[in-house]
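The signal peptide annotation in TrEMBL covers B:1-25. The annotation transmembrane segment is assigned in TrEMBL to B:58-77, B:97-115, B:121-140, B:152-170, B:182-202.
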């Protein structure tokens, strides 16, 4: 889940 | 979404537009590294693969498409436009992309969040973005005299990275589970690469003269 938060950045 | 993040994305877009407008207006790409531009396109394409199946927000999707489109246009100008391609500084832009691509690919295979094709390509794009400016910095160093717009381009790119760091600090302080070591470390390396350039850029700006890099 930690990785998913990052992928909201460009 | 916070003000640092939005500023960062807008600065990133501005940097690309400055470059595109410079090429379009002067019909010259002197001082611009095609290698760096191609690496950035590789970064965008490998990172934004999820454009087709992961919809996060209209904001993200629009930026993704615009980044891919504008950097493709820069490459098109440099390789295909009859007038512009003759001004490309091929003899000085000799950095080997493989020196960057191979280590980033190997590192992405070893250090990643999850061993899946999408995750590894995404991690690769994070590593590659950190070092993609190197051919451009080497080219500037070789040609010494940096014209205003190329200087502004690199300066805006550096600012964009600096604002992403502020965004991470802000998110880390405000979001309970926010943590992203791979992105943070790569981002710090990337911003670090600009520091030397920043120093000369600001000095030239303070003395309001043309930016000249030392030998």
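The backbone N, Cα and C atoms fix where each Cβ goes, glycine too.
TrEMBL entries are annotated by machine, without manual review.
As the structure is a computational prediction, the values presented were derived from the model and not from experiment.
If one looks beyond the transmembrane segment (B:152-170) by at least 6 residues along the same chain, the residues whose Cβ comes under 8 Å of a Cβ in the stretch are 2, 4-5, 7-9, 11-12, 14-15, 18-19, 22, 32, 133, 136-137, 140, 180, 183-184, 187-188, 190-191, 194, 197-198, 201. Within its own chain, the transmembrane segment (B:182-202) is flanked in space by residues 111-113, 123, 126-127, 129-131, 133-134, 137, 140, 151, 154-155, 157-158, 161-162, 164-165, 168, 211-214, which lie at least six positions past its ends and keep a Cβ under 8 Å from the stretch.
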